[in-house]
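*Asks:* Pasting the feature list from TrEMBL:
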| type | residues | note |
| --- | --- | --- |
| REGION | 1-35 | region 'Disordered' |
| COMPBIAS | 25-35 | compositional bias 'Polar residues' |
| TRANSMEM | 62-81 | transmembrane segment |
| DOMAIN | 68-496 | domain 'Major facilitator superfamily (MFS) profile' |
| TRANSMEM | 108-131 | transmembrane segment |
| TRANSMEM | 138-159 | transmembrane segment |
| TRANSMEM | 165-182 | transmembrane segment |
| TRANSMEM | 194-212 | transmembrane segment |
| TRANSMEM | 218-239 | transmembrane segment |
| TRANSMEM | 302-322 | transmembrane segment |
| TRANSMEM | 328-355 | transmembrane segment |
| TRANSMEM | 367-388 | transmembrane segment |
| TRANSMEM | 408-428 | transmembrane segment |
| TRANSMEM | 440-461 | transmembrane segment |
| TRANSMEM | 473-492 | transmembrane segment |
Amino acid sequence: MRSYLFRRRRNSETEPLLGEPGPSRVQQNEQTQANSGMAEIGVSQAALVEPRGDTGRKFPQYIAALTATLGALAAGSMLGWSSPVIFKIIQANNTDYDFEVSSSQGDWISSLINLGAAAVCFPIGLIMDVLGRKKTMLCLVLPFTIGWLLITFASNVGMLMAGRFITGVAGGAFCVTAPAYTSEIAQDSIRGTLGSYFQLMITVGILFSYIVGSFTSVFVFNILCTLIPIIFGIVFFFMPESPNFLVVKGRNEDAKAALVRLRGTSYDVDAELNTLMAKAEEAKNNPVSFLSAITKKTALKAILICYALMLFQQLSGINAVIFNTSTIFASAGAAIPAATATIIIGVIQVVATFVSSLVVDRLGRRVLLLFSALVMCVCSTALGVYFFMQGIHGADSSIVQSISWLPLLSLSLFIIAFSLGFGPIPWMMAGELCLIDIKAFVGSTAGTFNWLLSFTVTSTFNSLNQSIGQGQVFWMFAGIMLVGFIFIFFVIPETKGKSVDEIQIMLGAEPQEQNVTTKK
């Protein structure tokens with residue numbers, strides 16, 4: 001169904017909450033002459049330009065979003081786990097586990113989370129439409145905890161791999177459910193900021209792994225990682241369910257209570273609830289098959305944008321840059337240990353992603369994506385030049401030494417640009433572009449696509465380096481980002497501060513007008 005948070009102020013005298021006594025017929029006539037009602041896919045032109053108040057309290061929404069993204073913190077620690085741990089456990093004198101781990105087994109242990117995440121992304125979209133966003137995320141605490149316990153107390157490589165796969169399942173599920181929940185509880189004016197918290201907490205989790213994993217034993221690190229999803233479950237238990245989901249399920253009183261908790265008692269929740277209920281009622285009275293919903297022009301364009309952003313995110317070369325962190329620092333003449341270098345990169349990611357959360361609702365998604373693509377294209381080109389020259393002339397040649405500063409500068413700017421745009425924004429776009437009847441499907445399949453691409457890039461990067469050369473690989477990434485820049489410029493609309501109906505019209509829907517019939 002198509003219920004979604006839509007910010008439109010209500011005339012309290014002429015637009016009552018459904019189920020309450022209606023206004024007089026004279027008042028109805030006067031109101032219907034002034035304002036036309038919502039259409040199947042949008043509202044009238046008058047409603048689109050009508051000033052929308054923004055009086056609701058923001059603090060409860062920030063708290064709910066941050067609590068939800070504690071699951072992203074758990075997913076980030078899962079992603080960052082490999083960097084400090086795999087290097088330790090593949091050593092011949094490894095004492096962290098009572099079994100040996102070969103280098104090839106280490107590669108599989110690292111990459112299995114991608115397959116686990118890809119396997120769950122599609123079914124989790126269906127599950128959260130049945131159980132709800134909140135219950136689904138609470139249920140994910142169990143596989144997360146089981147996975148970390150298997151990793152912590154593994155007695156063989158098989159248990160270690162199973163634990164990584166299960167944590168990948170839980171982490172991948174959070175990548176679908178948390179952005180959907182956040183987009184549905186947020187008011188339009190802060191939706192982008194709250195949506196970017198997901199990627200912010202991912203980077204905080206990765207940094208946590210870099211720091212704690214480098215300076216503690218593997219056992220202690222694993223125990224700490226196990227505690228994160230448990231803490232999430234305890235705190236998130238007290239957060240409200242998505243009002244959208246509650247209205248779709250006919251639980252209108254629960255939806256009103258959730259809106260009061262999220263917006264405050266001084267906010268006119270009846271107006272927002274009325275909108276959600278009207279849209280749910282319209283969808284119920286005019287049912288559309290899933291095939292029809294997914295093949296509409298607006299839906300197809302939304303799907304194209306969501307899939308394309310995931311493609312450009314993973315083919316931007318971010319993993320290639322991260323893999324070469326130690327080499328790039330060494331090339332710049334920086335006598336920094338590999339562990340310290342990764343921590344520095346983690347700090348840059350966190351800071352840049354935090355800055356993105358502050359400006360995404362001011363500068364907009366489109367501007368940040370264009371900036372991100374352009375800077376990453378330039379930086380990948382520069383890195384390609386450096387590694388190509390190094391391969392031709394040798395690392396100790398004077399021409400390579402004269403540009404030894406280039407890779408470190410390019411690396412830093414690349415990470416900043418990625419964290420400002422292509423890191424956080426692709427994950428929030430499905431929640432913004434899609435109506436609720438296809439949101440779960442698009443978000444879950446886009447997530448599956450993302451994780452499969454991540455696995456492919458990770459597993460083929462070294463082979464590409466050997467077959468075509470390291471410099472040429474970076475040039476390939478630069479070319480992909482150039483295509484991404486062109487795609488963003490011509491295809492992606494700006495969704496900053498827009499309601500779902502306004503976004504649908506930007507995707508190509510035609511606004512229609514019909515009279516509002518209030519309940520007598």
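Each residue, glycine too, has its Cβ placed from N, Cα and C.
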*Asks:* For the transmembrane segment (62-81), give me same-chain residues lying six or more residues beyond its boundaries with a C-beta closer than 8 angstroms to one of its C-beta atoms, as numbers and ranges.
*Replies:* 113, 137, 140, 144, 167-168, 170-172, 174-175, 177-178, 181-182, 185-186, 190, 194, 197-210, 213, 221, 225, 228-229, 231-232, 235-236, 239-240, 262, 346
*Asks:* Could you give the mean pLDDT over the domain 'Major facilitator superfamily (MFS) profile' (68-496), rounded to a whole number?
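*Replies:* The predicted confidence over the domain 'Major facilitator superfamily (MFS) profile' (68-496), as a mean pLDDT, is 87.
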*Asks:* Pairs of Cβ atoms less than 8 Å apart decide it: which stretch in 165-182, 302-322, 473-492 has the most with the transmembrane segment (440-461)?
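*Replies:* Stretch with the highest Cβ contact count: 302-322.
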*Asks:* Might you confirm whether the transmembrane segment (473-492) is in contact with the transmembrane segment (408-428), defined here as three or more C-beta pairs under 8 A between residues 6 or more apart in sequence?
*Replies:* no
*Asks:* State, in range form, which of 138-159, 165-182, 302-322, 367-388, 473-492 has the highest count of Cβ pairs under 8 Å to the transmembrane segment (218-239).
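*Replies:* Between the candidates 138-159, 165-182, 302-322, 367-388, 473-492, the best contact partner of the transmembrane segment (218-239) is 138-159.
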*Asks:* Sort out for me which stretch, of 138-159, 165-182, 302-322, 473-492, has the most Cβ pairs below 8 angstroms to the transmembrane segment (367-388).
*Replies:* 473-492
*Asks:* Within the same chain, where does the transmembrane segment (473-492) have neighbours whose Cβ lies under 8 angstroms from its own Cβ atoms, ignoring anything closer than 6 residues to its ends? I mean 6 or more beyond.
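*Replies:* Answer is 301, 304-305, 308-309, 312, 315-317, 320, 365-366, 369-370, 373-374, 376-378, 380-381, 383-384, 387-388, 461, 464-465.
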